[in-house]
Amino acid sequence: MKLCAVIIASLLVCVAVASSSDNQKEFAQEKEMTREETQSLGEHEKDDEVTGSEERSCIEEWKTCENDCECCGMSTLCAASWVDGHQIKLCRNVGGKLKKVLHFIQKSVSKIKSCKK
């Protein structure tokens, strides 16, 4: 039982170290892509829907929203949540490396529980 716990704990440490370096690379790539997208957006004309001094901006994660298209990021969706009996819609990141790492940790914890039995 102790051996099983030690093996899984060492796996978690390896995944945490690997994911942090992968996340740093991913953030750097996203930041670079954002710069390129911003420059290319400046070259195009504004949409017909945007009038006057109004400009479109995206809603950050965990802020209220109405539609998926309002949220920032490719894997971010406008998802409904229930808070104190009221339904609210929040922008949430539903994909990416973090979700995969958390899923791996959840599977590892379930393996530890099965080792104890």
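Cβ coordinates come from backbone N, Cα and C, glycine included.
Per Swiss-Prot, C72 makes its disulfide bond with C58 among C58, C65, C78. Here the candidates are C69, C78, and Swiss-Prot names C78 as the disulfide partner of C65. The disulfide-bonded residues considered are C58, C69, C71, C78, C91; of these, C69 has the fewest other C-beta atoms within 10 angstroms of its C-beta.
Around C65 (disulfide bond), the C-beta neighbours below 8 angstroms that are at least 6 residues distant in the chain are I59, C71, C78, K89, L90, C91. The number of other Cβ atoms within 10 Å of the Cβ belonging to C115 (disulfide bond), over all protein chains shown, comes to 14.
In this structure the alpha carbons, written CA, of C69 (disulfide bond) and C58 (disulfide bond) are 8 Å apart. The distance from the Cα of C115 (disulfide bond) to the Cα of C58 (disulfide bond) comes to 46 Å.
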